[in-house]
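Reviewing the structure listed below.
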Amino acid sequence: MWPLTVPPPLLLLLCSGLAGQTLFQNPEEGWQLYTSAQAPDGKCICTAVIPAQSTCSRDGRSRELRQLMEKVQNVSQSMEVLELRTYRDLQYVRGMETLMRSLDARLRAADGSLSAKSFQELKDRMTELLPLSSVLEQYKADTRTIVRLREEVRNLSGSLAAIQEEMGAYGYEDLQQRVMALEARLHACAQKLGCGKLTGVSNPITVRAMGSRFGSWMTDTMAPSADSRVWYMDGYYKGRRVLEFRTLGDFIKGQNFIQHLLPQPWAGTGHVVYNGSLFYNKYQSNVVVKYHFRSRSVLVQRSLPGAGYNNTFPYSWGGFSDMDFMVDESGLWAVYTTNQNAGNIVVSRLDPHTLEVMRSWDTGYPKRSAGEAFMICGVLYVTNSHLAGAKVYFAYFTNTSSYEYTDVPFHNQYSHISMLDYNPRERALYTWNNGHQVLYNVTLFHVISTSGDP
């Protein structure tokens, strides 16, 4: 167990944001994020488990690797000494080679001017030196081999160092670096959140007061973090004007926006922006419309079979809120009801490309008794009122087709909520409350396993 300043085996960290997800997907890395939840002051409490076998199980491999690296280092040093010696010898060999060539040239040039005796002496000397020529060539070849071997040893040493680093065989210093890296990753847990059960809603954050009593505002739930555009739709029926602000700051100041004029008017406030398109309910129909902002055109529209519309099955506040579209971590949803379901809330997964219903669930909860609803991680959360004193009262789990009654209060500051939607990118609830655009942070509690267990 690696010694820490907090009681092992848990490392607790406070990171600003919301509840977090597993930061290490590979259990071989050792560190695990076990739970995370949001504290009352809005900080994310991340709990990391440090396995006891962090280095002990690697001691044998680490020791063998260090011994191998020491051997390679010794060989490398010996190669450097040998190279230095052969370099000096090679200079002498090259001098001898030059001398032989000089003698051979002189012998050829003086063939006719030397006496027979002198010529024979030179010839005999050259004959003695000739066998040395092949020796010199072999010596030069061996020298080149030594140079190549030195490079191979150097490369091997670098590879072993990389392996050692990968195995984490640096003892205390290595673990210290790993802890620092872990802390950095844990501090980013708000940007790497996983799914969990809703256990709390923060105090409201009023972003702006703009527009009428009813409306909707949102950001793209699937845009990259650099894209902070805000869309604003005032009113709950027959509207066609959508304002697109460049950033949240521009929305607050009411500047730098463009206008989209929808070809067909909307009904209700249950719109959502998903992957560059607006999904909304066409006025006086049960038709879902997908409007693409960049091309300023309707890409597809489709009826929801049997879905009520035109205030047939609205939320408790009315406002043509028969159909409510939502996006969570798993995709696009529609919340509505039908005569066949006796006015109970139906949750359907929609294909975002074709708008076809992929699967539906009957929650058993009467829609007219619901103030608003939102989806988080495949769970539909329903409030019991749109007025003051409202709380998250009911949860339906699509993964198990089961439900439970909850008691999660939240502060309805302006006493009339007409839009409540969860943004999975920002892990926040967007609310239109009596002409005020409001944000809530949420607390998600979850237990995460990195060992492959569900």
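Yeah, the Cβs are placed from backbone N, Cα and C, and that goes for glycine too.
The structure displayed is predicted, hence computed values, not measured ones.
For 1-20, the entry in Swiss-Prot reads signal peptide.
Across the coiled coil (58-85), the model assigns an average pLDDT of 65. The coiled coil annotation in Swiss-Prot covers 58-85 (among others).
Per Swiss-Prot, N-linked glycosylation site is recorded for ASN74 (among others).
The feature coiled coil is assigned by Swiss-Prot to 136-193 (among others), with sequence analysis given as support.
Listed in sequence order, the same-chain residues six or more apart from ASN155 (N-linked glycosylation site) with CB atoms under 8 A from its CB number zero; the list is none. Annotated N-linked glycosylation site per Swiss-Prot: ASN155 (among others), in sequence order, evidence recorded as sequence analysis.
Annotation source Swiss-Prot lists domain 'Olfactomedin-like' at 194-446, citing sequence analysis.
DSSP classifies CYS195 (disulfide bond) as coil under the three-state reduction. The disulfide bond annotation in Swiss-Prot covers CYS195-CYS377 and rests on sequence analysis.
Counting only same-chain residues six or more apart in sequence, the Cβ atoms lying under 8 angstroms from the Cβ of ASN275 (N-linked glycosylation site) belong to ASP220, THR221, MET222, ALA223, PRO352. What Swiss-Prot lists as N-linked glycosylation site is ASN275 (among others), and the listing cites sequence analysis.
Under the heading N-linked glycosylation site, Swiss-Prot lists ASN310 (among others). Here ASN310 (N-linked glycosylation site) comes close to ALA267, GLN284, PHE320, ASP322: these same-chain residues lie at least six apart in sequence, with C-beta atoms under 8 angstroms from its C-beta.
According to Swiss-Prot, the N-linked glycosylation site annotation covers ASN399 (among others). The number of other CB atoms found within 10 A of the CB of ASN399 (N-linked glycosylation site), across every protein chain shown, is 10. In the three-state DSSP classification, ASN399 (N-linked glycosylation site) falls within coil.
DSSP assigns ASN441 (N-linked glycosylation site) to a strand. The N-linked glycosylation site annotation in Swiss-Prot covers ASN441 (among others), and the record cites sequence analysis as its basis.
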Inset, instruction - Could you state the whole-number distance in Å separating the C-alpha atoms of CYS195 (disulfide bond) and ASN441 (N-linked glycosylation site)? - result: 14
Inset, instruction - Would you mind reading off the Cα separation of CYS377 (disulfide bond) from ASN441 (N-linked glycosylation site), to the nearest angstrom? - result: 15
Inset, instruction - Using a 10 Å cut-off, grab the number of neighbouring Cβ atoms around the Cβ of CYS377 (disulfide bond), all chains included. - result: 20
Inset, instruction - State the Cα to Cα distance, in Å, between ASN399 (N-linked glycosylation site) and ASN441 (N-linked glycosylation site), rounded to an integer. - result: 24
